[in-house]
Each structure stands twice: as structure tokens, then as C-alpha cells.
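Here's what TrEMBL has on this protein:
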- Asn32: site 'Discriminates between blocked and unblocked aminoacyl-tRNA' (SITE)
- Tyr37, Phe88, Asn90, Asn136: tRNA binding site (BINDING)
- His42: active site, proton acceptor (ACT_SITE)
- Asp115: site 'Stabilizes the basic form of H active site to accept a proton' (SITE)
Amino acid sequence: MYLNPAFAAANCHLENVMTMKDSIQLIVGLGNPGAQYDQTRHNAGFDYVDALADRFHGQWKTESKYQADITSIQLAGQKVWLMKPMTFMNRSGQSVGAFANFFKIPANEILVAHDELDIPAGNARFKLGGGHGGHNGLRDIIARLANNKGFYRLRLGIGHPGHASEVTNYVLSKGRPEERISLERAIDAATESTSLAVQGDWAKAMNTLHSFKAE
């Protein structure tokens, strides 16, 4: 399959947030399809893009060509695509790669929202580039973008169970009610900051989101 040359470009390793000025065309929320996975920790990315779609009147439509649910919204005066890959987490890159390749969206204009074990529940962080950190959804996206790691991430904290052997069951389980409330508040804060990110004002978006603490 032909790959957009932008995917094969050198990976972004930008240390200075003031150089992060990319606008966003595609926002991807990671998760697993099916009612049994609703509101599990691993589906935090789905919850985030659902919140964006609800707030900005997006209507989800299943697109078999991309194996994903897709909608578009108007955000910060521009059209932004939202995506939920329906491939299950470990093959998320199939949807992202196919869609971005067709519409010629470079990696640095993609924002991927995912659950993050290394951040406490109720906190969220924007990030540019980096590795997959053991997250299989990110791992597959990187591979499908010709090993380009230079896309933006929204890391939605879910906390860590404490032992590596417990991670799989932990991420595929629902959190405690108070944990769920904290995550929903973090998602609300992230949606507030997303319009700034879409415009490329990453410094302000990060300052706003990273100062948020769920009570």
C-alpha cells in the first residue's frame, strides 16, 4: 500500500512546547468495540471523542472502508474528523493509517487520545511524539504510520494497579465510581482545551489542561 511521504519523515523530538504549533485535522479515540467494554479504563479514548461528538453535534457513522466509526465536527472554525477504530485496540493503526493515507493527513496533524497508566485518574496531559510506552494501540498506530512517532497524544490518566501482572485485568475493568467521576471531569477539561490544540495554540492548551486537577 502506498504511504503518504509525510508518514516516513523523521520522527519529531521537540523539547520546547513553543515549537508545537501544528493544527489538528484528525482526533482518534482508542478503545475496544462492544458493550462489554463500555466505560472500562482502556476505553477512555472512546469516552473522550464521544464527549467531543456530543458537545459539537457530531453524528457517528460506521465506515467499513476504514473499519471505524467516524464523524466530523466544526471546532475552532475548522472541520475536524473524529474517529473510533472498530478493529479492537491492538489493531487501531489499521483504521488510522488507512484514513490518514487516503486524506493525506500528516502524522503531526493527528491527535490520539488513550488511557495512560502512568498518570493518576482525574489528570490528563497533552504530549507530542515519543514511544508507545507498552500501549498496544499506540504501538500499532506508529507501525502503520511508517514508524512515525510524531503525532500528538492526549494521555488520559487511569492510574496503575501496582503490579505489571495485574495490568491487563485492570485496564479491561471499570473503575470505582469515584474514579469514573474523576475521569469524566478530566475528559471535560480536555474537551475545553481541545479547541486551543486544534488551532495550534499548544502552549495555552497544555497550560490550561495540565493545571486542571479533579477533586
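Here the Cβ of each residue, glycine as well, is placed from N, Cα and C on the backbone.
When Cα-Cα distances from Asn90 (tRNA binding site) are compared across the recorded positions Asn32, His42, Asp115, the shortest belongs to Asn32. For the recorded site, Phe88 (tRNA binding site), the DSSP three-state label reads coil. The tRNA site in the record is lined by Tyr37, Phe88, Asn90, Asn136, and its two most distant CA atoms lie 16 Å apart. Residues Asn32, His42, Thr87, Met89, Arg91, Ser92, Gly137 surround the recorded tRNA site, their Cβ atoms falling within 8 Å of the Cβ centroid of Tyr37, Phe88, Asn90, Asn136, which are themselves excluded. Sequence-distant contacts (6 or more apart, same chain, Cβ under 8 Å) of Asn32 (site 'Discriminates between blocked and unblocked aminoacyl-tRNA') comprise Thr40, His42, Asn43, Phe88, Met89, Leu172. Annotation note: His42 (active site, proton acceptor) sits in a helical segment as assigned by DSSP. For the binding-site residues Asn90, Asn136, counting C-beta atoms within 10 A of each C-beta gives the highest total at Asn136. Neighbour density for Phe88 (tRNA binding site): within 10 A of its CB lie 16 other CB atoms from the protein chains shown. A sphere of 10 angstroms centred on the C-beta of His42 (active site, proton acceptor) encloses 22 other C-beta atoms.
The Cβ of Asp115 (site 'Stabilizes the basic form of H active site to accept a proton') has 27 neighbouring Cβ atoms from other residues within 10 Å, across all protein chains displayed.
Reduced to three states, the DSSP call for Asp115 (site 'Stabilizes the basic form of H active site to accept a proton') is strand.
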